[in-house]
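Trainee: Next up is a structure, given as structure tokens.
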Amino acid sequence: MSSQPFTNKVIALTGSASGIGLETAKLLASRGARLSLADIQEDKLKELQAQLESEYYVDVITTKVDVRKFGEVEAWINKTIDNFGKLDGSANLAGVAPESIGLKGIVEQDLDEWEFVLGVNLTGTMNSLKAQLKVMANNGSIVNASSIRGLTGAAKNASYSSAKHGIIGLTRTAAKEVGGKGIRVNAICPGRISTPMLKTAENSIGLHLQPGSANYPPIALGRDGEAKEVAQLVAFLLSDESTYISGADISIDGGWRC
């Protein structure tokens, strides 16, 4: 396999400024992709752009986007087409966890928090798909970020789990709609991945799980995953090595659900 399998491929990413999105941007740049990066954190995007351009000599554009707002998402994708002339793939990785995760059940659910979490995670993914599929090249590929919580229930995690379940349904629906164009749409379902979002969630409840501790989840590999490991899966699904995979929800959880 070529060390630059994404040469001349244009890939759009949300959630690019941190965590899985950041590592995915780095990996794709190292493999020759031309990138259109979106995130709400504009300063971090600019820092990443400078790093990728200097280290990998690839074309990168960045856009501050609130994925809850379709107008902003559509403007970003239009900017991508204006700059690069096409869109070969996208990874919709923007996501948030609720501050009340692990603390409040459904009876105590705050409606503003519910709307925010579903807005970023689920509506944000729908907005991204809506804009991307209008211009996606035939035989393109899209990866959406679900979660292990999109496959299983979890007490005191209603908004996040509901959003991530919804992303799987949205992914399957999109795959059925655009398969005739050769466009593939898949969802990844990460487990415990060492990211800023995981740290923030654990800080909010004052609980820091360590491998080997009594309350650590039953993960077969006995450790948290790294964001760069998830990036490898995203890159695989965007690549020509996965041309018969579509409508799938693929776990990357170290053997948590097995």
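Yeah, the Cβs are placed from backbone N, Cα and C, and that goes for glycine too.
Look at Swiss-Prot and you will find Ser146, Tyr160 tagged as active site, proton donor. If you look up Swiss-Prot, you'll see Lys164 marked as active site, lowers pKa of active site Tyr. Taken from Swiss-Prot, the feature NADP(+) binding site applies to Ile20, Asp66, Lys130, Tyr160, Lys164, Ile193, Thr195.
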Trainee: By Cβ count within 10 Å, point out the most packed of the recorded positions listed: Ser146, Thr195.
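Mentor: Per the Cβ count, the most surrounded site is Ser146.
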Trainee: May I ask which of the recorded positions Ser146, Ile193, Thr195 is closest to the residue listed as 'active site, lowers pKa of active site Tyr' if we compare their C-alpha atoms?
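Mentor: The answer is Ser146.
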Trainee: List the same-chain residues at least 6 positions away in sequence whose Cβ sits under 8 Å from the Cβ of Ile193 (NADP(+) binding site), in sequence order, or say none.
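Mentor: For Ile193 (NADP(+) binding site), the qualifying residues are Gly19, Ile20, Asp224, Gly225, Glu226, Ala227, Glu229, Val230.
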Trainee: Under a criterion of Cβ-Cβ distance under 8 Å and sequence separation of at least 6, what residues of the same chain contact Lys130 (NADP(+) binding site)?
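Mentor: Phe70, Val73, Glu74 - these are the non-local Cβ neighbours of Lys130 (NADP(+) binding site), listed in sequence order.
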Trainee: Let me know the largest Cα to Cα distance in Å among the NADP(+)-binding residues Ile20, Asp66, Lys130, Tyr160, Lys164, Ile193, Thr195, as an integer.
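Mentor: Largest Cα to Cα distance for the NADP(+)-binding set is 28 Å.
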Trainee: Nearest of the recorded positions to Tyr160 (active site, proton donor) by CA-CA distance, picking from Asp66, Ser146, Thr195?
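Mentor: With Cα distances computed to Tyr160 (active site, proton donor), the winner among Asp66, Ser146, Thr195 is Ser146.
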Trainee: What is the separation, in Å, between the Cα atoms of Asp66 (NADP(+) binding site) and Ser146 (active site, proton donor)?
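Mentor: About 18 Å separate the Cα atoms of these two residues.
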Trainee: Give the three-state DSSP assignment (helix, strand or coil) for Lys164 (active site, lowers pKa of active site Tyr).
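Mentor: Going by the DSSP assignment, Lys164 (active site, lowers pKa of active site Tyr) falls within a helical segment, counted as helix.
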Trainee: What does the structure give for the C-alpha distance between Thr195 (NADP(+) binding site) and Ser146 (active site, proton donor)? Integer Å is fine.
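Mentor: About 15 Å separates the two Cα atoms.
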Trainee: Can you check what DSSP calls Lys130 (NADP(+) binding site), collapsed to helix, strand or coil?
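Mentor: Once the DSSP labels are grouped into three classes, Lys130 (NADP(+) binding site) ends up as helix.
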